[in-house]
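**Q** Sharing a structure, written as structure tokens. Questions coming.
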Amino acid sequence: MTSLGSYLHRHPRLRLAGLLSAPLLWLVVAYLGALAVLLVSAFWTVNGFTGEVVREFSLANFRTILTEEVYRNVSLRSLGVAVSVTVICAVIAIPMAFYMAKVSKYKNALVIAILTPLWASYLVKAYAWRILLANGGPMDSIFGGPGYGIGATILVLSYLWLPYMILPIYAGLERLPDSLLEASADLGARAGRTFRSVVLPVLIPSVLAGSIFTFSLSLGDYITVQIVGGKTQLIGNVVYANIGAANNLPFAAAIACVPVLIMVIYLVAVRRSGALEEL
């Protein structure tokens, strides 16, 4: 045992490999393995007469997704909701994060206030919004809407994922030295010039980091839209319906590949922009 400890001490890379082997194995089996099964089963079909899964390669599921308008509309609607939620979260988060990082004396208290909603149950928060948005509810009495639908879905998702946008932006702005802002002002730069030259280079990578969370979480959500979405259908609902009532697991896997593909494209684009390297 002592010799083994001495050997590992002399080979730090081997020691690191031993420490990481268990979590890496779990990642490969539970995550990458699940994605592999998802991708493979997406090319299977279901026998329309017996309901049994036909484990033969076929592009029928993807052909249906691409050719039938209902699935194209669902995919585009889901993408639009994810983009809308991300934009709304960014617009709200930027001034809040800037105030927390550069103005307020109560940074720690504000960070705790931002984190506190994350401790509450997802379903509790969603159903609370269902009560607020109901006909005759507080939102309807004060503003006359928006009621249940795609607008309510975007509103609730923006509320749910806003902390995931605020915290990365706050972390980025926190690392921005106040001396740079003061130097810019001393040199006669106006607020707009200071923002473009000093703040924006730090802000963009932080917003992109936060958008990965808000975009991906909104793109794959199906619970919120069931609670406050009314008749609105997103990709998650189609996947859920085909797993349950329709009992068409291959088609559910195929439609689930759509948000996976969108996220891969988005992550590659963000990575190639080089913005995340500046975090």
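Cβ atoms are placed via backbone N, Cα and C, with glycine included.
From TrEMBL, for reference:
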- 75-270: domain 'ABC transmembrane type-1' (DOMAIN)
- 20-44: transmembrane segment (TRANSMEM)
- 79-101: transmembrane segment (TRANSMEM)
- 108-128: transmembrane segment (TRANSMEM)
- 148-173: transmembrane segment (TRANSMEM)
- 194-215: transmembrane segment (TRANSMEM)
- 249-269: transmembrane segment (TRANSMEM)
**Q** Most CB pairs under 8 Å with the transmembrane segment (148-173): which of 20-44, 79-101, 108-128, 249-269?
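**A** Per the Cβ count, the answer is 79-101.
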**Q** For the transmembrane segment (79-101), name the stretch out of 20-44, 194-215, 249-269 with the most CB-CB pairs under 8 Å.
**A** 194-215
**Q** Six or more residues out from either end of the transmembrane segment (20-44), which same-chain residues have a Cβ under 8 Å from its Cβ atoms?
**A** 53-59, 61-62, 249-250, 253-254, 256-257, 260
**Q** Using a Cβ cut-off under 8 Å, which residues of the same chain at least 6 positions beyond either end of the transmembrane segment (194-215) come close to it?
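**A** Apart from its flanks, the transmembrane segment (194-215) reaches 82-83, 85-86, 89-90, 93-94, 97-98, 161-162, 164-169, 171-173, 175-176, 180-181, 184-185, 263, 266-267, 270, 273, 275-279.
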